[in-house]
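> According to TrEMBL, the protein has these features:
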{"type": "DOMAIN", "residues": "175-260", "note": "domain 'DUF6534'"}
{"type": "TRANSMEM", "residues": "28-48", "note": "transmembrane segment"}
{"type": "TRANSMEM", "residues": "57-75", "note": "transmembrane segment"}
{"type": "TRANSMEM", "residues": "95-116", "note": "transmembrane segment"}
{"type": "TRANSMEM", "residues": "128-149", "note": "transmembrane segment"}
{"type": "TRANSMEM", "residues": "169-190", "note": "transmembrane segment"}
{"type": "TRANSMEM", "residues": "211-230", "note": "transmembrane segment"}
{"type": "TRANSMEM", "residues": "236-256", "note": "transmembrane segment"}
Amino acid sequence: MAKVSSMPASDVPADIGLLAGPQLFGHLFNYGLFGILTVQVYVYHLLFPRDPIRLKVLIYSLYTIECLQVAMASHDANKVLGVGWGNVEELYKAHWLWITAPVMTGIVSTTVQFYFSWRIYVLSGSALLSVFICLIALMQGCAALASGITAHLLNNSADLQDKTMPTHIVWMVGSTTCDIVITACMVYYLSRGRQGMATDALLSRLMRSTVETGALTASVALLDLVLFTTCRHNNLHMTPALVLTKVYTNTLMMLVNNRARMRQLMMQQQDDASDSGSLQWAVDRTSNINGTSPLPRPRTASPAIGVALEVHHTGASDSEEHALDLIGKSKAP
């Protein structure tokens, strides 16, 4: 049996739990969210084989980045909690954390926010609003890269919060602000498609999903900011920092895959409307025979739902996608 050496108690930092514990939980949550993301990407691969190539490139590229992030984070976990176990200096080294947390999170979050800025442009037709969102996303992405490079040069987490405080604040405040603006714009422009019809339920469902995902990403970024600025000289902020990139990709995949459920609900409503139309024809026919006034016809489903469901129309060309978007906007009040 290998001989186990013990470290003198005086050499163990009093806050060892605040240094190693957050990293452990961050890696565990990171693995869990990566598993969820893998399932979501597989479901997307099965359900949407005819999606536009640009959307496939976006999703599979983000998934590739997430695979690299998990591999590099696992390397750090092994260095700190595996082969480096018992060596306190390993807890303070940056290792590859400067890439897996700030750099990759900045790249992923900026990409996802760019995607939603394009969706808002399709919904609103406002290039100015879309550019404004892109500028906020680009600002927080650059701040994330600056934080990562600074952490790499320092290579000492003891001084990390003091040296990267300005860039980290810009990064997290920008990320939170961008998520809130995106959520507010999506909800506002989707709500304009309400016409008091059966499709309002679908729009409400889509708006609820948008609010939930936007609130989730903004909350995790805000938690990272609070822990980073208030809990100094420990690693509490590393738990949300390690999982933030997975939160962005999972929320994107949830909204993309949600199209399948939304289409199913829309088809059910169309079937119900068709059945109602057949019944109305029979009632009108009977009324005409009996000489009575026909009942008022039910209102048809609003085509505004097309803009919500068909931003990326499966198998459609660019012109067909844009036509669907214009139909949805033209019918909105």
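The backbone N, Cα and C atoms fix where each Cβ goes, and this holds for glycine too.
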> Looking only at the recorded stretches 28-48, 57-75, 128-149, 169-190, 211-230, which one has the largest tally of CB-CB distances under 8 Å to the transmembrane segment (236-256)?
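Ranked by Cβ pairs under 8 Å, first place goes to 211-230.
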> Counting Cβ pairs under 8 Å to the transmembrane segment (28-48), which of 57-75, 128-149, 169-190, 211-230 comes out on top?
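Comparing 57-75, 128-149, 169-190, 211-230 against the transmembrane segment (28-48), the winner is 57-75.
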> Taking residues 6+ outside the transmembrane segment (211-230), which of them lie with a CB under 8 Å of any CB in it?
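Long-range Cβ neighbours of the transmembrane segment (211-230): 109, 161, 165, 168-169, 172-173, 175-176, 179-180, 182-183, 186-187, 236-237, 239-241, 243-244, 247-248, 251, 254-255.
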